[in-house]
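**Q** Handing you a structure now.
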Amino acid sequence: MKKQRNLRSMAAQAVEQVVEQGQSLSNILPPLQQKVSDKDKALLQELCFGVLRTLSQLDWLINKLMARPMTGKQRTVHYLIMVGLYQLLYTRIPPHAALAETVEGAVAIKRPQLKGLINGVLRQFQRQQEELLAEFNASDARYLHPSWLLKRLQKAYPEQWQSIIEANNQRPPMWLRVNRTHHSRDSWLALLDEAGMKGFPHADYPDAVRLETPAPVHVLPGFEEGWVTVQDASAQGCMAWLAPQNGEHILDLCAAPGGKTTHILEVAPEAQVVAVDIDEQRLSRVYDNLKRLGMKATVKQGDGRYPSQWCGEQQFDRILLDAPCSATGVIRRHPDIKWLRRDRDIPELAQLQSEILDAIWPHLKSGGILIYATCSVLPEENSLQIKAFLQRTADAELCETGTPEQPGKQNLPGAEEGDGFFYAKLIKK
């Protein structure tokens with residue numbers, strides 16, 4: 001039997017690691033969830049994701065409710081109060097239970113002497129909630145985004161920035177990709193219906209299904225057998241542009257965790273696929289995905305800037321470059337991105353993308369197709385990146401996606417319920 005743990009203190013410590021130490025929630029949360037019961041896993045996730053989604057609001061409230069911020073060894077208490085405020089504002093947990101569990105969290109983090117302080121701050125919020133929220137809703141903090149990102153979105157999308165941030169602040173839907181080598185989408189939807197769940201097909205992407213209500217993967221029909229994979233609809237759109245064919249040599253660059261590698265093999269089972277990623281740890285997930293779906297690909301660790309080190313002089317019929325990016329299109333799915341990214345990261349990422357594009361282009365056969373994709377919404381990483389590449393690369397031609405002046409196709413977060421995503425299809429003359 002698993003030890004009873006205080007979920008509020010665990011969530012507070014996880015959020016502190018993200019905000020103060022720059023760690024990714026996707027790395028921190030899974031090992032924490034292993035320590036709690038199945039019924040508590042979802043609540044722990046809700047508390048972590050929810051606090052990070054609304055962090056600027058919770059921070060603003062604490063600054064109003066407390067004369068001095070908690071610092072040093074007491075900093076975790078700041079995040080514990082955030083967890084308490086989040087429960088009072090956004091969950092159906094009865095207020096008395098939210099308060100009691102949060103106050104008890106002080107014992108779990110070895111700060112029992114601060115139980116009275118935590119209780120006092122949360123009760124003060126309850127008394128002043130109406131006037132505090134009215135003041136908050138008139139402040140810039142109401143957008144729940146860091147100021148540098150807000151400015152970039154306002155500049156890039158003067159008409160749409162508000163709808164982008166609204167989408168970023170929502171909970172994401174759960175999209176699946178039906179493995180067409182096992183089932184048609186309709187036949188798998190029938191299995192889903194038999195299992196007592198409901199799904200909706202995407203209008204444009206033939207394998208995509210949106211669940212009416214997100215569910216654990218182990219309850220999905222045939223998940224362990226490889227019949228279905230979790231993948232956002234916008235990410236599935238890459239295959240429409242890549243259009244892989246049997247017998248071709250195809251490179252999936254920056255491939256981890258392998259969702260697009262396996263999608264290529266579902267569409268073209270006899271393609272010769274090479275999947276490359278710089279992160280050896282994340283490559284283990286590519287192997288896991290290939291194994292679950294019963295597929296084979298050549299998997300290599302390598303830096304996209306130096307392809308000769310891992311593929312020699314080899315050339316490919318098609319290349320999918322899912323470039324390293326700011327991930328500003330998937331904030332609703334990974335709210336920690338708002339607090340992990342810095343303004344200075346954007347030019348650095350744009351430079352890295354440029355170097356990878358220039359390095360990999362010679363490894364595309366004449367007449368071959370390269371899909372440049374990111375999960376960003378920032379022009380510096382997307383349309384401006386491709387525009388500059390076309391200007392300096394004589395044998396590169398834009399195909400089907402935009403114009404030379406405004407190259408690529410930009411999906412914004414929430415459009416057709418998908419993530420923010422960018423694609424550009426390039427052909428080598």
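Start at 1 and count along the chain as shown; that gives each residue its number.
Just so you know, glycine gets a Cβ as well, placed from its N, Cα and C.
Quick caveat, the model's predicted, so the values are computed rather than measured.
Features from Swiss-Prot:
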ACT_SITE  Cys375  active site, nucleophile
BINDING   Cys254, Ala255, Ala256, Pro257, Gly258, Gly259, Lys260, Asp277, Asp303, Asp322  S-adenosyl-L-methionine binding site
**Q** For the S-adenosyl-L-methionine site as recorded (Cys254, Ala255, Ala256, Pro257, Gly258, Gly259, Lys260, Asp277, Asp303, Asp322), determine the largest distance between any two Cα atoms, in Å, rounded to the nearest integer.
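**A** It comes out at 19 Å between the most distant Cα atoms.
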**Q** Below 8 Å Cβ to Cβ and six or more residues apart, same chain only. Which residues does that give for Cys254 (S-adenosyl-L-methionine binding site)?
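**A** Same-chain residues close to Cys254 (S-adenosyl-L-methionine binding site) (Cβ under 8 Å, separated by 6 or more) are Val276, Asp277, Ile278, Gly304, Leu321, Asp322, Ala323, Pro324, Ile356.
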**Q** Among the recorded positions Ala256, Gly258, Lys260, Asp303, Cys375, which residue has its Cβ surrounded by the fewest other Cβ atoms within 10 Å?
**A** Asp303
**Q** What whole-number Å value do you get for the CA-CA distance of Gly258 (S-adenosyl-L-methionine binding site) and Cys375 (active site, nucleophile)?
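**A** Just about 15 Å between their Cα atoms.
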**Q** List the Cα distance (Å, whole number) between Cys375 (active site, nucleophile) and Ala256 (S-adenosyl-L-methionine binding site).
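**A** On Cα coordinates alone, these residues lie 14 Å apart.
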**Q** Helix, strand or coil for Lys260 (S-adenosyl-L-methionine binding site)? Use DSSP.
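**A** DSSP assigns Lys260 (S-adenosyl-L-methionine binding site) to helix.
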